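One structure is given below, encoded as structure tokens.
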């Protein structure tokens with residue numbers, strides 16, 4: 001039996017609400033700038049925040065008085081796991097990627113960068129949609145299987161910055177962006193690119209694609225629809241052929257018109273920016289400090305490494321001793337305060353007791369006076 005006319009339609013929600021444990025496992029990040037960086041780097045910070053959405057603080061405000069410790073205090077309360085800090089010197093722009101709260105820290109030099117608006121300006125038909133940023137991008141690491149511990153550390157750090165992907169449960173409708181890190185062996189640098197994922201109909205010209213995927217085109221200049229199809233087909237013959245490497249069969253329904261399951265579609269990537277060229281300078285064991293695990297330009301001997309380790313150990317012992325002394329001072333002050341409070345309490349009790357004794361004596365004197373007065377009254381009657 002169908003729904004009666006005028007009856008209210010009831011929405012049955014089918015999406016699964018994620019559990020709190022799953023939400024807590026999702027990595028979150030702060031993308032910030034430190035010091036004076038200029039307008040271009042500030043715009044780059046905003047673009048990188050856009051990449052890290054939705055699990056980042058998009059509207060994070062940095063003040064001149066803020067220090068790294070201020071963000072470290074707030075990070076555990078918000079579940080933040082990574083910091084991306086942009087700084088600028090007279091010579092270079094640097095990027096530090098840190099694992100909160102104990103490291104490690106990767107320091108990159110930003111050799112080149114282009115903002116998202118620059119990437120869009122070079123495109124004939126730039127594509128932007130807020131719905132693309134409702135889910136994290138797919139992370140692709142290319143050519144990172146090189147010799148050296150720095151590559152393993154870089155790969156592990158970058159992978160842990162984004163949610164893990166379960167191929168069995170993931171939804172194609174939510175895979176709308178790709179973040180690519182490519183290691184260039186010739187230059188020894190890392191190219192970072194940010195793309196949006198789109199699918200197009202295969203084996204048809206642009207004219208047919210416009211009819212299938214979009215609204216009907218303007219036909220006022222043509223006598224028949226065949227004129228429109230044939231003319232556009234001659235102009236764009238290259239768009240008809242799609243190679244097998246770019247053609248896939250959709251396993252699920254995907255975003256876009258007529259992108260249904262089991263349909264053949266050609267995958268298209270369109271750069272949305274920003275783009276960066278990064279050069280790894282050093283890796284530190286701690287949070288923006290600690291033992292240097294890798295440095296591109298500095299090579300230390302075993303004696304220097306041992307000497308630095310002894311210095312760090314002494315610094316740790318001194319810090320532990322200061323912390324122990326501070327705790328002892330705090331405990332002593334608490335004990336002194338408790339003694340003062342207890343002494344004040346005893347004095348208050350003694351004063352209350354003295355006031356009670358005085359009031360009792362006063363009551364007894366009043367009673368004696370009343371008895372004397374009662375005895376004196378009959379004697380006065382006899383005298384009369």
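Quick reminder: no glycine exception, Cβ is built from N, Cα and C everywhere.
Caution: TrEMBL annotation is automatic and unverified by curators.
Per TrEMBL, the features are:
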type	residues	note
DOMAIN	27-289	domain 'Brix'
REGION	308-384	region 'Disordered'
COMPBIAS	308-344	compositional bias 'Basic and acidic residues'
COMPBIAS	345-384	compositional bias 'Acidic residues'
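Here the domain 'Brix' (27-289) returns a mean pLDDT of 83 for the predicted model. Residue counts for the compositional bias 'Basic and acidic residues' (308-344) under DSSP, helix first, then strand, then coil, are 37 helix, 0 strand, 0 coil.
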